[in-house]
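Visitor: The following block contains the structure, expressed as structure tokens.
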Amino acid sequence: NQPGPPGPPGPPGSAGEPGPGGRPGFPGTPGMQGPQGERGLPGEXGERGLPGPPGPQGESRTGPPGSTGSRGPPGPPGRPGDSGIR
């Protein structure tokens, strides 16, 4: 008795299950800095200050006495005397 011929090949197998997901990617680089903001508005004006205190009272001082005046010029010559003869 001889063995018969081999049978036909079987059907292909079913698709396998999907593999596990990959690892998460690296974090991205930070973005560039934004442009500079606009200049702010000027501040409001301050209030006017209070008036200052009054100044100290001045001192009254008497001046020194004046210097002695210079000597006056000599007087005019006297009148001539009466003659004793009458």
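Backbone N, Cα and C define each Cβ position, glycine as well.
Source: prediction; values computed, not measured.
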Visitor: Look through PRO24, PRO35 and state which residue has the annotation hydroxyproline in Swiss-Prot.
Guide: PRO24
Visitor: Quickly, which of PRO20, PRO65 does Swiss-Prot have down as hydroxyproline? Just give the residue.
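Guide: Record says PRO65.
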Visitor: Counting across all protein chains shown, how many other Cβ atoms sit within 10 Å of the Cβ of PRO30 (hydroxyproline)?
Guide: 6
Visitor: Report the nearest neighbour of PRO54 (hydroxyproline) in space among the modified residues PRO6, PRO12, PRO18, PRO27, PRO30, comparing Cα positions.
Guide: PRO30
